[in-house]
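Participant: Pasting a structure here, questions to come.
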Amino acid sequence: MQAGLESLGIAVPPTYVELAELARARGVAPGKYVDGLGVTRMAVPLVEEDTVTLAARAARMAMEAAGCTAEDVGMLVVGTETAVDHSKPVSSYVQGLLGLSTRCRVFETKHACYGGTAALLLAMDWVRSGSAKGKKALIICSDIARYGVGTPGEPTQGAGAVALLVSDKPKLLAFEAGKTGAYAKDVMDFWRPLYSKDAVVDGHYSVQCYLDALEGAYRAYQEAAEDAGGEGAYSDRFAALVYHVPYGKMSRKAHRHVRTLDGDKEPDASFDRLVGPSLVLPSQVGNIYTGSMYLALASLLSCSREELTGKRVGLFSYGSGSCAEFFSAVVQPEAQARVKALGLENLLEKRRALSIPEYEAIMAAREKLDDKPAEETPGEGFRYQGTRDHKRIYAR
Ligand code: HMG
């Protein structure tokens, strides 16, 4: 049985910071953030937004795009590393906000940025095995990426969610069964202790860990695909490569590494063709942890000028700590038109720029949000309002 993505949905905060402006405020040359890291804008969530509200908004877009009702969903998993509770999963809040059926399997997965991929691959097997019995799985990757004001990681923050509707009727991508290569290794490259809202990171070491994992997963994929041999670079078997994007430059480093492994003497030459379109949206949002690779996938389908129908896309998901997977999927007819119709570029254009003092005030306010007394907040859609009797309260 086929399994894949029937639709997707994206949620980003309505506000962002221009990285050139952040660089000037930090006494850094703007070229370092914009060209050196490859990020133009960084999404900054308002105080009434959290991992739950972003997840619910993304899910609503994915469900509406597919005409999917609450009763159609048989499994809801949220992959996140910035959950709002040590016990109750983000997915339960989302189930409530979306009014999903009580006959739904609902849970959360965590493994840094890989958590959503773990859930996606599991859902794929659930569909293929027949256990889904025609139901769909809603997999949501939702995070608020924080390293803190003034740290080297600051320009690589971001926030957002990507919802993936998985079923036996893939209208966007059909994933290739058995064609996955995993790589896992216990490393301390990036972590977030229980007492902290901000991630701790050994930045340059994390880049090396990412590249080591990419090499391991890419080799494992090649063995699993059992299609060794053939002319030219192995990665030319893909019409596009989508890498986990903590920042755009990391994708360039990743691609250079893959092409070097392929024996390509000019490893950068294929970058614009194979990777460029996947970075258009991420460069406007920043790192969204679990959702980063899927935002890059949405960017590819929305922004590529090449006709991709029937072509294979390679995907590389990396989660610090670490676990990584290289897998592949085939683009379905009209997938590009369907994703374009979501108007994602327009969605990003409509956001409002924050001044650096506004951004810093939001960062400080987030520290105290988890036990803020609940109050009515103006606005539309899903909003976090604070807590009452230690319970998080959301406006629908
Ligand atoms: P840094 O030390 O401040 O920056 O931190 P740098 O000195 O390495 O410079 C960055 C780049 O800018 C360099 O390019 C410079 O040459 C260039 P590169 O050598 O890398 O090609 N540069 C300039 N370019 C143009 N004009 C200029 C200029 N000046 C310098 N004027 C670092 C950079 C990424 C380490 C930091 O931001 C950080 O720690 N970020 C967070 C960690 C991270 O994102 N790691 C990525 C791999 S791990 C991962 O992806 C997992 C993750 O998503 C978490 C999860 O799994 O949950 C993070």
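Placed from the backbone N, Cα and C atoms, the Cβ positions cover glycine too.
Okay, so TrEMBL annotates it like this:
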| type | residues | note |
| --- | --- | --- |
| DOMAIN | 3-168 | domain 'Hydroxymethylglutaryl-coenzyme A synthase N-terminal' |
| ACT_SITE | E81 | active site, proton donor/acceptor |
| ACT_SITE | C113 | active site, acyl-thioester intermediate |
| BINDING | Y147, K253, N287 | (3S)-3-hydroxy-3-methylglutaryl-CoA binding site |
| DOMAIN | 174-257 | domain 'Hydroxymethylglutaryl-coenzyme A synthase C-terminal' |
| ACT_SITE | H244 | active site, proton donor/acceptor |
| DOMAIN | 270-369 | domain 'Hydroxymethylglutaryl-coenzyme A synthase C-terminal' |
| REGION | 370-396 | region 'Disordered' |
Participant: Show which residues of the chain containing E81 (active site, proton donor/acceptor), separated from it by at least 6 in sequence, have their CB under 8 Å from its CB.
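Facilitator: Those within reach of E81 (active site, proton donor/acceptor), by Cβ under 8 Å and sequence separation of 6 or more, are K110, H111, A112, C113, G115, D143, R192, Y289, T290, G319.
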Participant: Other than its close neighbours in sequence, what residues sit by the region 'Disordered' (370-396), given a CB gap under 8 Å and a spacing of at least six beyond its ends?
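Facilitator: Apart from its flanks, the region 'Disordered' (370-396) reaches 47-50, 52-53, 56-57, 84-85, 93, 96-97.
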Participant: Expressed to the nearest Å, what is the distance separating N287 ((3S)-3-hydroxy-3-methylglutaryl-CoA binding site) and H244 (active site, proton donor/acceptor) at their Cα atoms?
Facilitator: 9
Participant: To which of the recorded positions H244, K253 does the lowest count of other Cβ atoms within 10 Å belong?
Facilitator: K253
Participant: So if I draw a 10 Å sphere around the Cβ of N287 ((3S)-3-hydroxy-3-methylglutaryl-CoA binding site), how many other Cβ atoms end up inside it?
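Facilitator: Total other Cβ atoms inside 10 Å, all chains included: 29.
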Participant: Roughly how many angstrom lie between the C-alpha atoms of Y147 ((3S)-3-hydroxy-3-methylglutaryl-CoA binding site) and H244 (active site, proton donor/acceptor)?
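Facilitator: About 18 Å separates the two Cα atoms.
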Participant: What is the separation, in Å, between the Cα atoms of H244 (active site, proton donor/acceptor) and K253 ((3S)-3-hydroxy-3-methylglutaryl-CoA binding site)?
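Facilitator: Their Cα atoms are separated by 11 Å.
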Participant: If you count the C-beta atoms lying within 10 Å of each candidate's C-beta, which of the recorded positions C113, Y147 ends up with the smallest number?
Facilitator: Y147
Participant: Limited to the domain 'Hydroxymethylglutaryl-coenzyme A synthase C-terminal' (270-369), I'd like the whole-number average of pLDDT.
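Facilitator: A mean pLDDT of 97 is what the model gives the domain 'Hydroxymethylglutaryl-coenzyme A synthase C-terminal' (270-369).
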